[in-house]
Ligand code: UDX
């Protein structure tokens, strides 16, 4: 099939490379000229496991091309929209890019065409977009909501092995078109109306975020009553009705999706006259978790003022170079406000403009450099490198009282304590 993908962000680029690899002819439209040139040369602007190979193969084999010209959406059978829907400070979803693209599509698209919306948009928006932008072409441009559930660090795997493919459409023909696009992927199709499909994305992310905040609250309670969150979460998760994933207590969630989508859904609820108290609590618990970690460190060190703290991990989770909404950046900011001097190390993180204003800290080239003469270290991302590190050497180069705050509960407390460190986790006995 001939496919256009508008937007070469995480979602658009994964879609474009994977579809080209499946044999479709894909044109990807990206208005950022330098990014576009980089991609056309077969280079990725960010790290994503396995994606670089697919990009190079697609470009070399002529199945995948990049352009800054939106006119290239003409004469394609399918247009996939994957532009950003960032959240404004009040949580409102910023739909500026969506409206811009819809104007272009309404002017340029050659019918018949299927428009697949992959960007996360508020439930109900698809119907409004059809009325506002596509009314003159009704029946000729089929609008489909097809949310994505890709995780950074395993997006290619998630693309080829999804647990379900959600399709919100108004006609059986549109559903069939989506099915042929994904004909090489084995997964159940969940077919529904457009607004429901839009809701699935928000509900899924909000539920996963709820699991994380819930287990973090249990972890906080564990500390107060002298219980240990690790065996508690393991046993709770063994109940099939609950499930063991997303029960890892720690510093809470970050990234480009959960913070944006939970705040977005809260705003959408309020806008519709509904107070989503449970979700408000999820968001509040997540923000508080970072503050609790800083308070814990302050207690362990008596005061943070004048102390040297090493932050191990800047990306919001292992396996990605993305620092958007990363707990570590908030923690560094708070430590700086308390008068601490911060050094940091991450094996992969790239500090990009889109992660917001950066707090002050010294970026080090290896973990031991960050730890040198520090009074404490905070594990903010559970990179394998930190688990396998020479902690004995770390003890020698750190300064007393040598506190390790394991914000991701990833180290072995017995081993760390036996080396002479003061160890504290999140919800550990
Ligand atoms: C998420 C969704 O999983 C994905 O389906 C959606 O399309 C985009 O958002 P992603 O942001 O890549 O994916 O990361 P994910 O692996 O879900 O983790 C999100 C955050 O939650 C990370 O900061 C992670 O550290 C944290 N997390 C995850 C926990 O704190 N505890 C857990 O048990 C799981």
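Heads up, the Cβ atoms here are built off N, Cα and C, so glycines get one too.
Binding site for substrate per TrEMBL: 149, 150, 151, 152, 246, 247, 248, 249, 250, 254, 317, plus 201 from the candidate set 92, 179, 201, 280. Checking the candidates 260, 263, 393 against TrEMBL: the one annotated together with 35, 85, 120, 152, 324 at the NAD(+) site is 260.
In the three-state DSSP scheme, residue 151 (substrate binding site) falls into the coil class. The two recorded residues, residue 149 (substrate binding site) and residue 324 (NAD(+) binding site), show a Cα separation of 18 Å.
Closest to residue 85 (NAD(+) binding site) in space, going by CA atoms and restricting to the recorded positions 201, 247, 249, 254, 257, is 257.
Comparing Cα positions, residue 254 (substrate binding site) lies closest to 324 out of the binding-site residues 120, 260, 324. For the recorded positions listed here (247, 249, 257), the lowest count of other CB atoms within 10 A around the CB belongs to 247. Nearest neighbour of residue 260 (NAD(+) binding site) by Cα distance, taken over the binding-site residues 151, 201, 247, 249: 201. In terms of Cα spacing, the binding-site residues 35, 120, 152, 324 that come within 10 Å of residue 201 (substrate binding site) are 120.
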